Each structure stands twice: as structure tokens, then as C-alpha cells.
Amino acid sequence: MTDPPRPDPFPVTRLDSDAGALFVLQSKGEWWHAGFHLTTAIVGPTILTLPYAFRGLGWWLGFVCLTTMGLVTFYAYYLMSKVLDHCEKSGRRHIRFRELAADVLGSGLMFYVVIFIQTAINTGIGIGAILLAGQCLDIMYSSLFPQGTLKLYEFIAMVTVVMMVLSQLPSFHSLRHINCASLLLSLGYTFLVVGACINLGLSKNAPKREYSLEHSDSGKVFSAFTSISIIAAIFGNGILPEIQATLAPPATGKMLKGLLLCYSVIFFTFYSAAISGYWVFGNNSSSNILKNLMPDEGPTLAPIVVIGLAVIFVLLQLFAIGLVYSQVAYEIMEKKSADTTKGIFSKRNLVPRLILRTLYMAFCGFMAAMLPFFGDINAVVGAFGFIPLDFVLPMLLYNMTYKPTRRSFTYWINMTIMVVFTCAGLMGAFSSIRKLVLDANKFKLFSSEVVD
């Protein structure tokens, strides 16, 4: 006997008066557009951190963790897309992570838990994208004008102004061409960096390689869990329901194609960057492999043209990443500020959009300039945020929706993943906080030096 239909707490009819849904999360996209959005959300300059993550794990454990994270996140995103498809077929199409979690878990509290975690992640990534883009400009400026007087916060201000302009693109769907370019840019700088690493590794100027781990057992454990948190954060996105919302209904089956496109790019970029960077620099790998290729002292270890192009590609992609992760904030603001009876470009809706999005980007830019040690803070946010949203909730939502029997293989796989990654997330958070405390004496507000 089937259960009686439940009343929908977020019925589709409400979307007619929901400006966040109608304007920001327009459902017009095809599966390849979802692939572009997913790739931009996951495949970013953070992949240049993978050799550094391998430094805390070593070769075989690094491969195991990278492969496991890839398989688990693909599985998790696939399960979440199935839950969204199931809800859509039941007449309850959800376009927001927070509403999906609250509906399936039957808890209004989950609505606020998810929105808090999403806001922390998305704002953190927005700040990080502006900071890294400012660093890219700083690197190019320092190369061209070694005695130049401009400071990092001035480059951050320049990036923020550009982001203010780009933020006026009204909807997630309107980013599809930018995110297609972002996919190509990620392939471009990966190809350049991997080529530079291989060329260096085969040359007579190759650095001495050492692949040993920390000497103490406690150091090995903390380094390993910090590396696991880094890899988990790199694979995370936390906005899959919002990306699936951009698909023209019915969205059933389209998200799987988008995931396959995204993970094809992931396979090429993640493994090639991790292997080539760690092979050449070993346990001297920096948190950004470009820093290894451009040491503070001594000659550059790759052709200037190659590094310059890679930095430009990274800079351009960071604009796309900042835009993608700001969409949830825009959707929340527009839901409250816009009028659905007026056009998307009407004066009534254009003026609030211009003011609110500009203020949001100004806040992100100010925080990036004030906190150039944000990498350490972001590691903590990643451990507390990405692991719950991307490694725990999808499995829980699937078990609650499809109710597999407790004897089934699927049930126990999902439970195992939830338990293992909850423990890994707690250990990773502890390790990240430990690193934050250890680096505290290096922190300076509005500094031109970024803490590694």
C-alpha cells in the first residue's frame, strides 16, 4: 500500500511569485550548460594545490584519496540528482538545496542549517576568488615592473570593480557562455603547467626530489587529514540543486550527462596536475605549483611566456568562479527585493539588483583585501561546509527518499560513506584549525604577503 501524497511545503505554484526562481534560477538550460556550470564550480585554480595535498599523503595514499574522493563525489552528486528527479516526478520540483533538505528530512531547521553552510562556502569562495585574482595581477605587475609601488590590496580593488560589473548579469543561465570559456581556460592552464613541470623534470635543471613524509607520527596524521580536507574541498561545490534548477524541465536524466562532461574534465586536469607537480617538486610542493615554477629567489623554472599565459588563464577563470558561487546570494537577495510583476530589466528590479549586487561584491573585495590569510580560514570553512553538503547529505537524502532496506548494499554503502566522511571532516576541521593557530603570528591585516 502506497503512502498518501504529502502536501508540498514548497509548491510549484509559488514559483510564479518567486523572483529568485524566475529571475536568477531561470530554467532554460540544456545538459551541456549544466556541465559547464559544474565544471566551473569544481575545476578551478585549486587543482594547482593537488601536489601540495600529495605532499602530506605520499604517492600511493595520494592516488587512493584522489580516486576515492572522485568516485564518492560523482556518486553523491548522482544520488542528489536522482532525489531531485524523484521530487520533480512527484510534483515537487525543488530548485534550492535548502528547500530540498527541509522537504525530504521534514525539518524546518535543516532549511537554516543548509542556508548557513551554503552562505559560508559561497561567500568564502567569492572572497577567495577575488584574492587569488588580485594575486595574479600582482604577479604579472611584479614581473613587468620589479620596482613597482602598487600593493596587493590595490589589485584586489581592481578585480572587485570588474566583478561588480560582471555581477549584473541577471541569471545563472546567462553565465553559460562564460562558463564554457571557463572550461576551456581550465584545460588551457592545466596543459601549460603540466607541460612546464614535465619539461623541468626532464631537464638538467630539475630540482632534487624527495618524497618522504613528516618524521613524527602525529605530524603525519595531521598532514594527512589536512590533505584529505584539501582534496575534499577541491571536489566540492555545494550548489548542485541550484545548477540542476537551470535545466529546462523535465530535468530527469540531463544532470547525469552534465556530470559525465564535468568529470571527464576532472579526470584530465586533476590527475595530470597532481602527478606532474608532485613528481617534479616532491615534498617541496607549494600550495600553488606556480609558486614552485616562479621561486622568490633564483631564475624562473619555466619559460616566462608559459607562466604568463597560465596566470592570465587562471585570472580569467577566477571571474567565472566568483560569479557562479555568488548566484545563491543573488537568488536570496532577489527573492526579497524584486517584483515578479515587473520585467527583469525594469527600473523597479534593475535598481535594487544594481545596488545589492554591487554592495555584495564590495563586501567580498573588502574582506579579500583585509584578510590575505584567507586560505587558512577557507580550509576550515571547507572542512565544516563541503563535507556535510557533498559527502553526507546526498546519501542521507537518498536513503530518506527511496528508503532502501537495511539489508541492501546501497543502504550500507551510503551509511558507510556518511560515517567515514563525517569522521574525516571532523579530523580535517581540527587539522585546519590547528594550522590556522600555528600561522596566526604571520597574519597582518591589509598585508601584501599572502600566508601559504
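Cβ from N, Cα, C; glycine included.
The phosphoserine annotation in Swiss-Prot covers Ser17.
Annotation source Swiss-Prot lists transmembrane segment at 34-54 (among others), citing sequence analysis. Listed by sequence, the residues of this chain that lie at least six past the ends of the transmembrane segment (34-54) yet keep a Cβ under 8 A from its Cβ atoms are 62, 65-66, 77, 132, 172, 175-176, 179-180, 182-183, 186, 189-190, 193, 227, 230-231, 233-237, 239-240, 243-244, 246-247, 254-255, 257-262, 265-266, 269-270, 273-274, 276-278, 281, 285-290, 292, 314, 317-318, 320-321, 324-325.
Sequence annotations record features per position, and here Swiss-Prot assigns transmembrane segment to 56-76 (among others). Taking Cβ pairs closer than 8 Å, the transmembrane segment (56-76) reaches residues 50, 211, 213-214, 223-224, 226-228, 231-232, 234-236, 259, 263, 266-267, 270-271, 274, 278, 390-391, 394-395, 417, 421 in its own chain, all 6 or more past its ends.
Note on the transmembrane segment (113-133): residues 45, 97-98, 101-102, 156, 159-160, 163, 236, 238-239, 314-315, 318-319, 321-322, 325-326, 328-329, 332, 361, 364-365, 367-368, 371-372, 374-375, 377-378, 381-382, 384-386, 388-389, 393, 450 of its chain, located 6 or more positions outside it, place their CB under 8 angstroms from a CB of the stretch. As annotated by Swiss-Prot, transmembrane segment applies to 113-133 (among others).
According to Swiss-Prot, the transmembrane segment annotation covers 152-172 (among others). Sequence-distant contacts of the transmembrane segment (152-172) (same chain, six or more residues past either end, CB-CB distance under 8 Å): 23-26, 37, 130-131, 133-135, 137-138, 141, 178, 242-243, 245-246, 318-319, 322-324, 326-327, 330, 344-345, 353-354, 357-358, 360-362, 364-365, 368-369, 372, 446-450.
Per Swiss-Prot, the feature transmembrane segment maps to 182-202 (among others). Non-local neighbours of the transmembrane segment (182-202) in the same chain are 35-36, 39-40, 43-45, 47-48, 265, 268-269, 272-273, 276-277, 279-281, 289-290, 293, 301-303, 306-307, 309-310, 313-314, 316-317, 320-321; each lies 6+ residues outside the stretch with a CB under 8 Å from one of its CB atoms.
Remote same-chain partners of the transmembrane segment (221-241), defined as residues 6 or more beyond its termini with a Cβ less than 8 Å from a stretch Cβ, comprise 38, 41-42, 46-47, 49-50, 52-57, 61-62, 65-66, 69-70, 73, 77, 80-81, 84, 94-97, 100, 117-118, 121-122, 213-214, 255, 266, 270, 324-325, 327-328, 378-379, 382-383, 385-387, 389-391, 421, 424-425, 427-432, 434-435. Per Swiss-Prot, transmembrane segment is recorded for 221-241 (among others), and the stated evidence type is sequence analysis.
Residues or ranges marked as transmembrane segment by Swiss-Prot: 261-281 (among others). Cβ atoms under 8 Å from those of the transmembrane segment (261-281) belong to residues 31-32, 35, 38-39, 42-43, 47-48, 50-51, 53-55, 59, 62, 66, 70, 74, 183, 186-187, 190, 193-194, 197-198, 200-201, 206-207, 209, 211, 234-235, 289, 292 of the same chain, restricted to positions at least 6 beyond its ends.
The annotation transmembrane segment is assigned in Swiss-Prot to 304-324 (among others) on the grounds of sequence analysis.
The annotation transmembrane segment is assigned in Swiss-Prot to 354-374 (among others).
Here Swiss-Prot flags 377-397 (among others) as transmembrane segment.
Sequence-remote contacts of a segment are chain residues at least 6 beyond its ends whose Cβ falls under 8 Å from one of its Cβ atoms, and for the transmembrane segment (409-429) they are 72, 75-76, 79, 225-226, 228-229, 232, 380, 383-384, 387-388, 391-392, 395-396, 398-399. Per Swiss-Prot, the feature transmembrane segment maps to 409-429 (among others); the stated evidence is sequence analysis.
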